[in-house]
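What follows is a set of notes on a single structure, which appears directly below.
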Amino acid sequence: MRIGVLTGGSDCPGLNAALRAIVRKGVQEHGDTFTGFLDGWAGVLDDRTVPLDIPAVRGTLPRGGTILGSSRTDPLAGTGGAGRVKAALAAHELDALIVLGGVNTLTAAARLVDEEGLPCVGVPKTIDNDIQGTDYTIGFDTAVTVATETIDRLHTTAESHKRVLVVEVMGRCSGWIAIHAGLAGGANCVLIPERPFDLDRVCEYVESRFRASYAPIVVVSDSAVPAKGEVDLKGLSGVGEWLGREIERRTGHEARTTVLGHIQRGGTPTPNDRWLATRFGLHAVDAVHDGDWGAMVALHGTDIVRVPLREAVSGTRTVDAARYAENEIFFG
Ligand code: F6P
């Protein structure tokens, strides 16, 4: 078969491992040929491609980012987008398109399958882990590892100076990175977007941790918000800096903020992300050869299964109350 591949949305570690597995399996088992579209859906609309063969993916297993480049382009945002996608597939005589993306990139793929009958298969990737239908997405484990290592390091300097250390992590509309890294790193409290926080309560946790003679680490998702009042971010980089400033003002304890930002998305993928990405890649090729258009490969337990793309993108997967409660046991 002739298969197109693209990586869309924000990049994450593990994308190259998935591309390598797709190409290795397709070429070695089926004699497939691959066309890589550059910069996500933008490369499909503009017909910018590179050949993807085994030499092109050699040595890429541990490399972060994506050798294809990425963008947040929505091919269906303007008029005529679907026609341009069809034209690109026809120009390269492609039988299928494997789309590696987050919710927005995969939403376009789901629509192109349902509305235009295009032969797309999806692979879920994002450090945020916010895609429905799969236990984990490519990139999440690396982001959690980076955040946890950061918390480990901050514990020692926080204790030397008897300071509050606030760590702002990514996650967009979901607190998965925060609750996983917070639990693994022994955070004093974890604040997530799904659950507006009570600043008085956060300050109580901080005081209580100092009374127990530990210095507190507060983990906050970049889009967490307080339950009462506005966050004034004027002159600040984000909610983490605001929170550090407010904790210091209210408790009198010195506070410092670390904003992890894109460090969570860069660099080499963890072994677990390489494992997941490789297995997703292998199973995506199976889905293509089965003609299972509109399927997304997903992790259920330790099994790779297929779920309908349209269901996976029907909303965002967020942290539920029971999962958050597991973290709360360790607050204060
Ligand atoms: O979706 C991944 C993510 O890293 C989010 O966690 C974060 O909010 C956003 O992308 C950052 O986007 P950008 O790279 O455009 O700044």
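The backbone N, Cα and C atoms fix where each Cβ goes, and this holds for glycine too.
Predicted automatically and left uncurated, TrEMBL annotations should be read as such.
According to TrEMBL, the protein has these features:
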- 2-288: domain 'Phosphofructokinase' (DOMAIN)
- T126, I127, D128, R163, M170, G171, R172, R256, H262, I263, Q264, R265: substrate binding site (BINDING)
- D128: active site, proton acceptor (ACT_SITE)
Close in space but at least six residues away in sequence, with Cβ under 8 Å from that of R172 (substrate binding site), the same-chain residues are D128, D130, P193, D222, S223
Pick from T126, Q264: which of these binding-site residues has the biggest number of other Cβ atoms within 10 Å of its Cβ?
T126
Would you mind ranking the binding-site residues D128, M170, H262 by how many other Cβ atoms sit within 10 Å of each Cβ and giving me the lowest?
H262
Helix, strand or coil: which one is R172 (substrate binding site) in, per DSSP?
coil
How many angstrom lie between the most widely spaced Cα atoms of the substrate binders T126, I127, D128, R163, M170, G171, R172, R256, H262, I263, Q264, R265?
33
